[in-house]
Structure formats: structure tokens, C-alpha cells
Amino acid sequence: MDKLVIEGGVSLNGPIRVSGSKNAALPILLACILPEGPICLSNVPRLRDIHTTLKLLDILGCETSFDGNTVCSEVKDLKIEAPYDLVKTMRASVLCLGPLLALKGEAKVALPGGCAIGARPVDLHLTAFEQMGATFDLDSGYIHGKCDKLKGAHINFDFPTVGGTENVLMAAAIAEGETIIENAAREPEVVDLAKFLIACGAKISGHGTSIITIQGVPSLKGCDYKIMPDRIEAGTYMVAAAMTDGELLIQDCPFQELESVVYKLRKMGVSLEEEEGGVRVRRANGLISGVDITTQPYPGFPTDMQAQLMTLMCLSNGAGTIEEKIFENRFMHVQELVRMGANIKLKGRTAMIRGVEKMTGAPVMASDLRASASLVVAGLAAHGRTDVQRIYHLDRGYEKLEDKLSAVGARVWREQE
């Protein structure tokens, strides 16, 4: 098993390019089931979850290729079953449910590993499809759905679920009649999926707002499409620049989609300026201030940037709080940061952070994707050596991270444990 070794205390300086968004690429890849004819997607990040999704597409009857950062896919003989050995490693694979029901009238998709219905919003997906005419059985860990022909419906989500919105968006594109999604997720990745479907011939309006309207069409056609840049990767580099008191020019930065993060970083004393070629990030006056943050669905502050901002607050001149309102158990990184010298107290879903003068390198263990990113950022600024274990989490969401960081001055490399 690999670990990441970081010799901290070095400022990061220079240009750093943001890869394509994994969270946009995954639903768009699964939407490749829908159109007739070939599809070419560019700016696709080379990540483990992407490779898993391509395996799933192959099993479902697509012909796929992955050359550089371009994926080409075409449906040849569509099957209806997504097996457990693939789905267990990646929750996003439940997004093939909508396209399969819409095209084949039947889908058999394994429940993601450890995911009981009700514990995560898989039930929101199923309730929506039931409104569109599908019926479901839960059989030996599989969701087995059937329908004659999905029909448009008025769907009002209890919570603006990203996956639920994406699943219904795909199915409704070729369902019979009009579908209206109220309390729809507004995330940029949902908007990117809608733009892809529109490029394939779908009739969608309202994407990016809380009410999306879809007029079903008989069929979709293939197209060429470029995946949006990864806003969370870009946000992570913003924090890394401020954390190490360096200056980064972040290229291919989706600046408008990071408005809530940029607002908080500026309040903390970080300068972020758009210019030709990217966004230049550095400390405004040398000091970092604490702020109060509450995670919310988009356009609120993203839960996926919570751990990184907490890490920056650890070196602030003052104190701040973070209230996590999206996920439970999203503070797994706190004890690891404390091992590096951070002053953090937890009370329920709120973390109270008081800044310290310096952090010290230590062996730490990543518990999830964003926690691992926060530990890498902490290691970049810490005095001495930090070993980040379990970086397979990191490999799920960051393309060539150590190569990109090394190119802007970081002393970071991969070792086998």
C-alpha cells in the first residue's frame, strides 16, 4: 500500500493546472448509455473511479476507449445488470438506474456496499422513479426496477440530492412527456450533465436553479463534449498557496463556481485575482484570520472544502468554527490534525479551531478523499516530515497530485509502506 511523504515548510510558487471534474465526469459517463452513436468526452481525469465506471460501461454493453484524457464510448448491446463487484467500490454507479429504466424498461443494480436504503438518499431516487411509473423490488442486495415506459412527472425532492437530480435528469430526457424537478440540486456538476444531455439533443431548461424542466424526446444522439474543471481540486490549491505562504497561478480554474469558497478565503486574508491565464492566489498581508463556516448545498459552502479550510484555520491568527450540515462523520481528519499540533475541539457537528503558530510533521492516516487532501495541505506547511497513509482515498479524486505539487516546489513523493 502506498503512502505520501511530505517534507514541509516550503512555499509553493508557479502555475498549477486543474484537471477535469470527477464528480461531473462520472454521471456524464453513465449518461453515455442513452445516446445512439459515438460519444467523445475530453478533459476526463485519469482516476480510479473513472476506470471503474468504464468497466461498468463495458459490462453494460458499451465499447469504450480511454486515450490520454479522452474517453470514447458507443452502446453496442445494452444489458440491464450492474454487478455488485463493481458497484461496491463506487456509490455513483447507482446512476445507471435511470438510463437503463428509460431505455430498457428494466434495471438490476446492486446496492452500493454498506448502503442500506434510507441511510443515504438512494430512496429519493426510487421514489422519484416510482412517480414516473417504475416499480422496485429489493432482492439479494439488488435493486430490481421495471416499467413499461417511464412517463414524465412532477417530482419534489425532500432534499436537493445531487445523485437523485442527476438520475432523474437522465431518465426524463427520453421519458414520455414533461418532467419537473422541484428542489433540484444546483451544483455545477449537475449543470454540466444537463449541458451534455442538451448537446445530445435533450430539451432541458432551468438547470442551475432549484426547478428543472425536461421535455422528453424520442432519442438522443452522440456528441463531443468537454468535462468542466474540478472546482474542489482548484479550491484545494487555493488553500495550499495560502497555507504555505506561496503564490500559485491556478490554470483552468472554475472561479465562478467557487464563489462561496472565494468569499471565505478573502475574509481569511487570502488574495484571489482573476487574470489572463488563471487565478493568482497568495496571502494578502501575511496573516490568516479565523472565520465561521457552515456547509450547505450549492450555492452554499461545499462540504468537500470543509476539511481544507479547517486546515488553513489551524494556522490562523485567531479562532473560527465549522458546522457540518451535509454529512455525518465528516470530522475524521480532526484527530490527525491534532496529532500535527492543531488546536481543535469538537462538539456534535461543530468544530472550534484556534490557530497555532506552527504545525509539526507526523504520521497521519487518511479516512476519506477530502480528509486526505487536508492532511497533504497540512503536511506542506508543517515543519518536518509527514507520512500520509491510505492515500488510495486521494487517488480517487486527485489526478497526479504529487507531480503537480512537486512542479510548484513541494517536496513530496510516494513510497510503499
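In case you wondered, yes, glycine gets a Cβ from its N, Cα and C as well.
Some features that Swiss-Prot has for this protein:
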- LYS22, ASN23: phosphoenolpyruvate binding site (BINDING)
- ARG91, ARG120, PRO121, VAL122, ASP123, LEU124, ASP304, ILE326: UDP-N-acetyl-alpha-D-glucosamine binding site (BINDING)
- CYS115: active site, proton donor (ACT_SITE)
- CYS115: 2-(S-cysteinyl)pyruvic acid O-phosphothioketal (MOD_RES)
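Recorded residues ARG91 (UDP-N-acetyl-alpha-D-glucosamine binding site) and ASN23 (phosphoenolpyruvate binding site) have their alpha carbons 12 Å apart, per Cα-Cα distance. Look at ASP123 (UDP-N-acetyl-alpha-D-glucosamine binding site): DSSP puts it in a helix. Rounded to the nearest whole angstrom, the C-alpha distance between VAL122 (UDP-N-acetyl-alpha-D-glucosamine binding site) and ASN23 (phosphoenolpyruvate binding site) is 17. By the criterion of other Cβ atoms within 10 Å of the residue's own Cβ, the least surrounded of the binding-site residues ASP123, ASP304 is ASP123. Counting other Cβ atoms within 10 Å of each Cβ, the lowest count among the binding-site residues LYS22, ASN23, VAL122, ILE326 belongs to ILE326.
Between LYS22 (phosphoenolpyruvate binding site) and LEU124 (UDP-N-acetyl-alpha-D-glucosamine binding site), the C-alpha separation comes to 23 Å. Other Cβ atoms within 10 Å of the Cβ of LEU124 (UDP-N-acetyl-alpha-D-glucosamine binding site) number 21 in total over all chains.
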